[in-house]
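To keep things clear, I will list the structure first and then write my remarks on it.
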């Protein structure tokens, strides 16, 4: 049986863990002291209370909400990990699983159809076996504009995807590619490439 190597490895930085956990513990202690201080206000004798109760209560509630939000953020800091990926260890194309890409949109006025279609074309141009890649669009509004743009995007993708793969372009999104000032022309700079690029644009 062949030994399979992992596609990625996790690394834990112990120094970062110590710093993060120390900070979290000290911060938690400070929050507990603050809560104790706020609560002690409500258990004072009514004659000793010189501060209005409502502002104090509002401040206390806001501090509780902020403390809870801070507490939720500590999950990723308690044990931070760093990953090293090994794309060269990916299996052959015939052994890759089939994947589905769902692109959701709701309102063509708030989410311009051109941008949504650039996302669709970018997904179709992924470096993945075409027969195992399925791209779906979910339009909650059921807009006719989205349907029309999807048909146009499909027609354009029939030219864009082979063009990108033929010339080894890094950028998958047509809008980014044609509007970028960086020179992403792969290994080609000949007249044939320039002519096809102009036609594609």
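Backbone N, Cα and C atoms are what each Cβ position is placed from, and that goes for glycine too.
Remember, predicted model here, so these are calculated numbers, not experimental data.
Of the listed segments 24-43, 84-103, TrEMBL assigns transmembrane segment to 24-43. Most Cβ neighbours within 10 Å, among the binding-site residues 111, 140: 111 holds that distinction in the structure as shown. The Cβ of residue 110 (UDP-alpha-D-glucose binding site) has 8 neighbouring Cβ atoms from other residues within 10 Å, across all protein chains displayed. Residues 27-28, 31, 34-35, 38-39, 41-42 of the same chain sit 6 or more residues outside the transmembrane segment (49-72) yet have a Cβ under 8 Å from a Cβ within it. Of all residue pairs in the UDP-alpha-D-glucose-binding list (110, 111, 140), the one with the greatest Cα separation is 13 Å apart.
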